[in-house]
Amino acid sequence: AGRLNSNTRQAGEILINGRKETLAFGTSAYVTQDDALMTTLTVREAITYSSILQLPDAMPASEKKRRAETTIREMGLQDCIDTRIGGAWSAAKGLSGGQKRRVSICIEILMRPKLLFLDEPTSGLDSAASYHVMKRIAHLARHEGMTVIASIHQPAAEVFHLFHNLCLLCSGTTVYFGPASLAQQFFATSGFPCPPQRNPSDHYLRTVNKDFDEHDSTTTAEESIEILVKSYQSSEISQQTEQQVAAICRLGKATRHRTMQKGSQASFVTQCSVLTRRSFVNMYRDLGYYWLRFAIYLGLCFCVGTVFYDVGHDFGSIQARGSMLMFVAAFLTFMTIGGFPSFVEDMKIFGRERLNGHYEVGSFVFSHALSSIPYLIIVSLIPGAVAYLLVGLQRTSQQFAFFGTLLFLCMLLVESLMMIVASIVPNYLMGIMTGAGIQGLMILSAGFFRLPHDLPSWFWKYPMYHVAFHKYANQGFYKNEFLGLEFPRMMENAGAMIGGEEILRDVWEMEMGYSKWVDLGVLAGMVVVYRAVFWGVLKFGEKIKPILRGGGSTKRATSVDVDACSDGENVV
């Protein structure tokens, strides 16, 4: 299905209707073994959002809703249609594992793809649910002319009989590939008949399992497998299969090249609109996404306000103001890494949906940034106002508006940075450590703990000091606060005053050649750059992975005929 890791090499050829073709959106779908679902949504919401994303804009909204509800009923989920999916990070229990698996199947069959891959679709289901789910899929395959390829473990006899063809593997070797109805006869003629009252699929797996090497006969597992492989290679079933593959390949070369028709996606505007609404709902319902951070920020800002309460305008308040603003610029924004687990979950869902072609990378990047803005405004302005008022910074509307805007941009920028990390290091612990390490370097070289003129030129000043966003955040906060204020030069000499501009230039060694609005603009530009880098990383990953795994040797051709489904034998 084109899902190999970059360190895996593919041998042989995969042909669609006898030709090498790319599986386009709408022609194939893959239901993974792991259910990557948005846990805060209900079943109805998850499938409805997905239907709007996948189905074309030309289809009426009522038809998309009807398709979603019909698919829900087909998978037997009508009783839990308004239940939240739930997961490890959610407070509610949510759906069972089997119900989640059926939700995953629902999402991928909305487009009625010609080729459907199912990785253990019955995992987590009881025998009755397994039968009904596979029966619905087999019915859908016949009705829609779909080819279904599924891996399945320990199917019940009723489920096994729903499959038209069987591919039995042992350590990568083909033991049997042909009609499922003839497998029992093949094993019997090869000397391994299925005992009475035993499920045929259990007998097949037990015969080719060499991990435990327990057999009723005197032959070992290795010997049994070798006998079956040789028997299959010389069998009439194998010859017929090879002839069918060769016929499909000849037909593909003889006919005029016709690529599989790509399904019609929703427009970019529709994708952005749906993804923004879905992400906004997820952020609102997920307490760990913003609300827990909001509570912690509120508590921290109250602590900052009490530590630096009514800082005043004496000589000692210069250092106090600088320390307070540095804490806000560095450590408050540093805690944005607390949302990293939620970012990783978002990336898992994006990976599944993007591989199945539900939407474009740009739609995801833009909608995620847009949906987070209202929450980041709340998280930055309200706690920031608590600290600002308690400390007694310049109490004018212009100064406070600049302070809040700058803090908001810093949090948006750090969140953009952590999304880049989440796209490269999709692991909770490693990602948090990586993000913390990057921000630690930026804080260290921002010009507070070591003044800019004292920083070593190599690496720390060039380039770290100039690329660290804390430099521009500190300069913006400091210029916003100190300009227009005067302080006594020494505590015992109340007559001599020092201006805020002199403090910025001589004490904090700020760059005074431009205003605070330039620092604000630089941070806004860095947000755009970081989001563009995030987009570039995702796009680069899509382009480079097929190149990295494209070095396999060609040994054998396997062809899937997705057009020849009229005979109904289309579930493998």
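Each residue, glycine too, has its Cβ placed from N, Cα and C.
In TrEMBL, annotation is done automatically, which means it is predicted and not curated.
Residues or ranges marked as domain 'ABC transporter' in TrEMBL: 9-123. What TrEMBL lists as domain 'ABC transporter family G' is 153-269. The domain 'ABC-2 type transporter transmembrane' annotation in TrEMBL covers 270-482. Positions annotated as transmembrane segment by TrEMBL: 290-312, 324-344, 373-393, 400-422, 428-451, 517-538.
Across 290-312, 373-393, 400-422, 428-451, 517-538, the stretch most heavily in contact with the transmembrane segment (324-344), judged by Cβ pairs under 8 Å, is 400-422. Panel annotation: around the transmembrane segment (373-393), residues 280, 283-284, 289-290, 293-294, 297-298, 300-302, 304-306, 308-312, 321, 324, 328, 332, 399-400, 403-404, 407-408, 410-412, 415, 481 of the same chain, lying at least six beyond its termini, place a Cβ under 8 Å from a Cβ of the stretch.
Sequence-distant contacts of the transmembrane segment (428-451), counting only residues of its own chain at least 6 positions beyond either end whose CB sits under 8 Å from a CB of the stretch, comprise 322, 326, 329-330, 333-334, 337, 340-341, 343-344, 414, 417-418, 421-422, 460-461, 464-465, 467-471, 473-474, 508-509. If one looks beyond the transmembrane segment (517-538) by at least 6 residues along the same chain, the residues whose Cβ comes under 8 Å of a Cβ in the stretch are 350, 354, 361-362, 364-365, 369, 402, 405-406, 409-410, 412-413, 416-417, 419-420, 423-424, 469, 472-473, 475-476, 479. Here the domain 'ABC transporter' (9-123) is broken down by DSSP into helix, strand and coil counts: 41 helix, 17 strand, 57 coil. Across the domain 'ABC transporter family G' (153-269), DSSP assigns 57 helix, 13 strand, 47 coil. Averaged across the domain 'ABC transporter' (9-123), pLDDT in this predicted model comes to 87.
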